């Protein structure tokens, strides 16, 4: 995990530890040399320095090793939203246009319809519609309970968390066995994506 905004130390010209170029995370800046210089040369290949925690290997590993930054709020990754096919809309079983409306703060989404008869799960609402419902919820003689509505990446995160991938995959398999044509192809595409998530243990 990258925890510091620093890149390179201006005096030593070496990458800062836990920074954006950290050698412990991404690998050594120089071939076969750890950060503190205790291990140098190929003969120490594969050793992790006990002082600085850097693995003695080739510097080219820095090109493909990945780190991560813990964000303060959820953010929607454009690859999963805009990629073809859009994995986000496939998993949520929603049209891409609807998912974009939520992500770009153009529409609210119903996360829990509560006891409201005119609302359904994943239904999109305009700002005016939501304000109208809010007035009804907080009205004096209101009987509306348990209604939850969200917007932005936080709402999308909640919807994704609520997808039970294992049971969804089983449900899709039984549906695929009983349908044909374009609907079957669409279900197979969705099952493939969900199966990949289950196989890799991704959340």
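Cβ from N, Cα, C; glycine included.
Values in this document were obtained by computation on a predicted structure and should not be read as measured data.
According to its DSSP assignment, residue 36 (Zn(2+) binding site) is coil. Sequence annotations record features per position, and here Swiss-Prot assigns Zn(2+) binding site to 34, 36, 49, 52.
For the recorded Zn(2+) site, residues 34, 36, 49, 52 set the reference point as the centre of their Cβ atoms, and the other residues of that chain within 8 Å of it by Cβ are 35, 37, 38, 39, 50, 51, 53, 54.
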